[in-house]
Amino acid sequence: MGCLGNSKTEDQRNEEKAQREANKKIEKQLQKDKQVYRATHRLLLLGAGESGKSTIVKQMRILHVNGFNGEGGEEDPQAARSNSDGEKATKVQDIKNNLKEAIETIVAAMSNLVPPVELANPENQFRVDYILSVMNVPDFDFPPEFYEHAKALWEDEGVRACYERSNEYQLIDCAQYFLDKIDVIKQDDYVPSDQDLLRCRVLTSGIFETKFQVDKVNFHMFDVGGQRDERRKWIQCFNDVTAIIFVVASSSYNMVIREDNQTNRLQEALNLFKSIWNNRWLRTISVILFLNKQDLLAEKVLAGKSKIEDYFPEFARYTTPEDATPEPGEDPRVTRAKYFIRDEFLRISTASGDGRHYCYPHFTCAVDTENIRRVFNDCRDIIQRMHLRQYELL
């Protein structure tokens with residue numbers, strides 16, 4: 001009898017060989033992808049709304065990508081420049097919208113505050129009427145008279161007095177910055193500077209990923225909206241996170257959140273930090289704490305109009321700790337204030353610390369590129385240690 005076991009045709013044998021080779025290639029690629037995945041540091045940016053998370057992401061793009069271009073992967077410098085200019089042009093509208101929102105919000109608040117604020121020059125009332133009349137106009141085209149009225153109102157001492165009470169209503173942080181630049185922004189050939197783009201406020205909704213490389217190490221940074229209704233999306237990002245960067249608006253001690261106009265913003269951040277620190281899915285993930293908006297905190301403390309103890313009574317008994325390291329020339333009142341806020345967060349992390357994750361605080365100013373460069377460089381060793389521990393290599 002003939003042997004039937006070797007009845008495969010030449011074509012079948014070639015096909016099986018090709019399949020084996022294809023499987024090997026797939027397996028090799030999967031192993032390579034796995035190595036790249038395991039070598040990537042995934043950073044999750046969390047924090048309450050308007051704490052500065054998106055500004056941190058913008059700084060990473062300035063420092064480690066090609067600035068403000070679309071993808072950040074162009075090898076051709078001319079293409080990168082072209083994309084960067086294109087994105088800046090699209091941001092002009094966002095900046096103009098910030099400017100419009102700022103002057104609208106201030107003049108609308110004047111009559112609603114208790115006690116109300118009067119115009120220093122009553123003849124400017126027609127300008128107020130104009131600003132309020134265009135408040136909800138869709139696709140506003142920013143005619144010259146808008147800039148004229150906005151500038152005249154911004155120079156009115158009554159409007160300035162209302163601005164000084166902005167903790168009593170909801171005003172974007174960049175209001176003064178852009179109102180001071182009306183003459184620049186109104187120009188037809190206006191191109192935003194990097195600082196303009198850093199200051200520009202656009203509500204983050206959803207999850208945004210930014211990829212960048214530092215000294216051949218891959219980083220993926222996830223920016224998630226901080227408003228209450230956005231937080232349910234956070235859990236989608238918890239898988240394989242190397243570290244959490246929790247961003248706090250330190251200057252918000254005298255402000256309330258937009259969502260309910262009642263809850264103190266800094267208290268909201270403390271509550272949120274506590275819930276993240278104690279979350280059972282995150283008990284092994286350390287937190288890098290960015291105590292942000294130090295420039296605005298210093299302004300408020302030195303102005304002396306809103307005292308921290310009026311909102312956090314325990315500050316009256318607080319003394320600056322021995323480990324405090326003031327910035328050169330820093331006023332002792334500012335040092336005391338910023339370390340008080342730091343210690344409020346550290347009380348939470350030490351109260352329920354189990355040695356499985358740690359909190360690393362840093363004082364930041366997200367609109368200051370050099371500050372963020374220095375802080376992120378300081379954090380890289382911490383992130384590397386977390387990454388090694390994550391894959392049980394340490």
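These residue numbers are counts, starting from 1, taken along the chain as shown.
Cβ from N, Cα, C; glycine included.
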Inset, instruction - Choose the correct range: of 34-39, 178-183, 280-285, 364-369, which one does Swiss-Prot annotate as region 'G5 motif'? Give that range. - result: 364-369
Legend entry - Tertiary contacts of the region 'G4 motif' (288-295), as residues 6+ beyond its ends and Cβ separation under 8 Å: 47, 51-52, 56, 173, 243-252, 273, 338, 341-342, 345, 359-368, 375, 379, 382-383
Legend entry - Nearest-integer angstrom distance between the alpha carbons (Cα) of Ser352 (phosphoserine) and Gln294 (GTP binding site): 27
Inset, instruction - Sort the binding-site residues Gly47, Cys200, Thr204, Gln294 by C-alpha distance from Ser54 (Mg(2+) binding site) and give me just the closest. - result: Thr204
Inset, instruction - Count the other Cβ atoms sitting within 10 Å of the Cβ of Gly47 (GTP binding site), across every protein chain shown. - result: 26
Legend entry - Residue with minimal Cβ packing [other Cβ atoms within 10 Å] among the recorded positions Ser51, Thr55, Thr204, Ser352: Ser352
Legend entry - For the region 'G1 motif' (42-55), residues assigned helix / strand / coil by DSSP: 3 helix, 5 strand, 6 coil
